[in-house]
Structures are given as C-alpha cells and as structure tokens.
Amino acid sequence: MGNSALRAHVETAQKTGVFQLKDRGLTEFPSELQKLTSNLRTIDLSNNKIDSLPPLIIGKFTLLKSLSLNNNKLTVLPDELCNLKKLETLSLNNNHLRELPSSFGQLSALKTLSLSGNQLGALPPQLCSLRHLDVVDLSKNQIRSIPDTVGELQAIELNLNQNQISQISVRISCCPRLKVLRLEENCLELSMLPQSILSDSQICLLAVEGNLFEIKKLRELEGYDKYMERFTATKKKFA
C-alpha cells in the first residue's frame, strides 16, 4: 500500500487511539507506528503476511489494551511484548507459533488470549501466572497432554478443541474459576478423563464430542450427577 494511505491511517489513529490495517498484504509491522506509542489503545493488523514483531518498537505501546495479528506468519514473539502491562486482549490465531516467551506471565492485565491454529506442542506454563485471565483459546494446536501445572490456571473458559490430547492431569479439577472446558476432537479414552472433573470441580460445561469414546458412556462415570447439577443450574441462570 502507498505511503500516503498509511500516513492517513496513522493520522486517524492519532485521534482515535485505534490503528486497524487488515488485508493489506503487509510483510512487516509498520515502523510509522513508533510515533503513536503513547496514543494507541488498539492495534489490529490481521490478515497480512507479517512474520515478526520489532522488539524495539512493540514494547513501547504501554497504553495498548488490544493487539490482534490473526492470520499472519509469526513464528516467535519477542520478550519485549511482555512490557505491555495494560494489554487485556491478545489475538494471534492462525500463525506459526511453537511457544510463548518465558516472560509471557508478565502480561498482568491479560483477560483474553486467542492462539487457535498455531503449532504449540504443550500447554504454556506461563499462562498460570496470569491472575486476570478469563478466556484462553488454544484450539487447533498440537498439544498432547495437560500437565499438573494446569491446576494454577485462573481462566474461566479453556478451549482445547482439535488438539492431540490423550492425557489430562487430575489437577485440572483444582482450577479455581474454570467453568467451561472444551476438549472436542482430541485423542481421549474415557479412562483418561479424570472423574474429579465431574465430581470435584467448578466446571459446568464439559465438551468432549469427537474423542475415542461414546458420549453416552460419560453418564456412567462417578460424579456425573454432580456435574449435571452444575450444568443445569448454569443453564437456568442464563435462560
């Protein structure tokens, strides 16, 4: 796109605090945004071809609340991203990310994290440091198991649909706020599903269709009645 068009977008963003430039074939993060590090609250560069975030620029958007780079070509995230202490929404669906920076747990205001359609091979332990996290979407990755660290996760909703999960730590039932757990289209045997999810957790919506067992078999597990009580109570609440 031409410089004048980009300049016009920058001028508008200066007034609104919102910079949105989608579907423009951008191959790099626009360096012109350096001028707006103290203005921007929202950046949306989805549906481009950006393969990296400039470390020296990205960490300076200290007022940024929402960052979207869905459908790009990102392979790594710089540590400097974790300087964004006001960031509440981070959406990086359909990139090529294999892991998160070790400092990711410093994004202390983060509420919504979308990483669907990446190449994550494990549940990132850094997520367990995020005390305000509400919604986590890790669907369509390559996660094979859920480790013990999951018990520290503060999220209300965890989407793990379309991974390769065959093992789940019993600690998942210790998540203090977890209400919605999506595990559709994984590699779970019924025997590998911790019964404590049904009997001893806060979970009131468990989605497990498309695994290696018939859904009706779930009803035979100990604790299913307790789960249905929570499920029904929640349904009534939103009816």
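Along the chain as shown, residues are numbered 1 onward.
Cβ atoms are placed via backbone N, Cα and C, with glycine included.
The N-myristoyl glycine annotation in Swiss-Prot covers Gly2 and is backed by similarity to another entry. According to Swiss-Prot, the feature repeat 'LRR 1' maps to 39-60. Per Swiss-Prot, the feature repeat 'LRR 2' maps to 63-85. Per Swiss-Prot, the feature repeat 'LRR 3' maps to 86-107. The annotation repeat 'LRR 4' is assigned in Swiss-Prot to 109-131. Swiss-Prot lists 132-153 with the feature repeat 'LRR 5'. Summarising the annotation, Swiss-Prot assigns repeat 'LRR 6' to 154-175. Per Swiss-Prot, the feature repeat 'LRR 7' maps to 177-197. The repeat 'LRR 8' feature in Swiss-Prot is assigned to 202-222.
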Query = Short question: which residues 6 or more past the ends of the repeat 'LRR 1' (39-60) have a Cβ under 8 Å from it?
reply = 13-14, 17-31, 33, 66-84, 91
Inquiry  = Give the nonlocal contacts of the repeat 'LRR 6' (154-175) in its own chain as ranges (CB under 8 Å, at least six residues past its ends).
reply    = 116, 127-128, 130-148, 181-189, 192-194, 196-197, 199-203, 207
Ask   = List, by number or range, the same-chain residues at least 6 past the repeat 'LRR 4' (109-131) whose CB is under 8 A from its CB atoms?
value = 65, 70, 85-103, 137-147, 149-150, 152-155, 159
Remark   = Tertiary contacts of the repeat 'LRR 2' (63-85), defined by C-beta under 8 angstroms and 6+ residue spacing from its ends, are 17, 38-56, 91-109, 114
